[in-house]
Structures are given as structure tokens and as C-alpha cells.
Amino acid sequence: MRMIRFRKKIPYLRYLEMQEKLRKFRRECILFLEHAPIITGGINYNPENLLLGKEFLESQGIQVHFVQRGGDFTAHEPGQLVIYPHVDLKKRNLPIRFYLENLLQSVIDSARTTWGLNLITDSDSPGLYLESNSSKKICSIGVNFKSFFTSHGVAFNLNNDFTAFRCINPCGRNWTDMTSVEKLGLDSGFAKRNQFISFMKANLNSFLGPISKLTHTVI
């Protein structure tokens, strides 16, 4: 399985096109990337959690799009590392619950090793939260399992400015519940980001099997 890191920000709609092609040919890979500012609503979205009108937001450079993934509204923006595993669960004989639990555990272990952060899950609200303050969310999750081939994934807040998050109640919560590595006073620079990605590769490898060398691309 290839791991690909994009050096340039990938438009969200471009990613949606990519994921459909990957699913069609059941081509496994794991993508690491950032998006330009966008708000997305999952299949369980509550309209009241979009605090400003779609037309106004788009006039401010924040796109709004509705997608086939679990969850409510969330946001993507520069400074947030998005990890999209595309995994053939049928071929690998992996139960959905096992996949989700191990995906989150990979993030938990990688964050602990990289920054000494202790993160926990919340059975009532998907994502990862600080163990020291369980109201503070640092990682969002939303996955699609169409045809037992995964798409979408997790979004980990490194040093994003939360401009897009201010326009929603992310997953029904107040945007001020969101935090990031930078807001916690920790190093969110390039070297630490690369270290986190390396640990993610190792942890994903532990339950998905052999993963090839990380590939960098500018497309």
C-alpha cells in the first residue's frame, strides 16, 4: 500500500474525484494532505449547526459541501493535517469497528510519541480529545465504507487558525471546544509534522500490513 503526501493544498472537490476513482479500481493508498478552507456536512448534519449562510461563506472564500461520510459539520483549513486511508476491508477481511478503533489508536499512539499528548475517545462524540481536558477536541473523524472500501478519514489540528470552525458548531459542539498542537504551546513545525507522519505510517502498518515508502508529490 502506498502512502502519498501532497506538498500543495488539494481542493476538496478534487479529493472527492480521487476517492471515487480509487474505490472504482479498489486501489489502496493512504493520503496525507491539507485543504483550502471548506466546511463539510456529513450524512447526519443538523442545518442549525451551520451558523452562516452558504452564499455568504463562499463569498468569504470558505466553500460549503455536503458529503457521504458519517457525522455532522466539520471544517478543513490550512494547518490541519488530513489523513485519508483508502483500504479494501473486504480483501483484508477487516471488520468496520476494528478498522475505526485501530485508525483512532494509530493517531493516539502517534500523538503521544510525537508530543507527549494523551488523547482519549468519547463514546457520545466521535473524534479524539485531551485526557487532561475532555471538552477539548484535537482530531475529527468521518469515514465512508461504501462497498467495504474506505474513504475520508481523520483530521488532526496542528496550527490551523479555526477561521472556518468559527462558522459552525462542529459535530454539534461550540467551536471553542476545538484545540490544536499550536494552541497547546507545542511545536507544530515541519520537523514535528514529519515525525508525526512517520509514526502514523508505523502504527497504520501494524494493523494494515506492509506499507511502501512515503511518496511526496506536488499534484
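Count begins at 1; order follows the chain as displayed.
Glycine is treated like the rest: Cβ placed from N, Cα and C.
As recorded in Swiss-Prot:
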type	residues	note
ACT_SITE	CYS171	active site, acyl-thioester intermediate
BINDING	ARG69, GLY70, GLY71, ASP72, PHE73, THR74, ALA75, HIS76, SER140, ILE141, GLY142, GLY153, VAL154, ALA155	substrate binding site
DOMAIN	24-212	domain 'BPL/LPL catalytic'
SITE	LYS137	site 'Lowers pKa of active site Cys'
Residue pair GLY71 (substrate binding site), the residue listed as 'active site, acyl-thioester intermediate' - Cα distance, angstrom, rounded: 7
The residue listed as 'active site, acyl-thioester intermediate' versus recorded positions PHE73, LYS137, SER140, GLY142 - nearest by Cα: PHE73
Length of the line joining the Cα atoms of LYS137 (site 'Lowers pKa of active site Cys') and VAL154 (substrate binding site), in Å: 12
Those recorded positions listed as ARG69, LYS137, and which of them has the most Cβ atoms within 10 Å of its own Cβ: LYS137
Nonlocal residues around VAL154 (substrate binding site), in sequence order (Cβ under 8 Å, 6 or more apart): VAL82, ILE83, LEU103, LEU104, VAL107, CYS139, SER140, ILE141
Cβ packing number for CYS171 (active site, acyl-thioester intermediate), 10 Å threshold: 23
PLDDT averaged over every residue in the domain 'BPL/LPL catalytic' (24-212): 95
Neighbouring C-beta atoms (10 Å sphere around the C-beta of PHE73 (substrate binding site)): 26
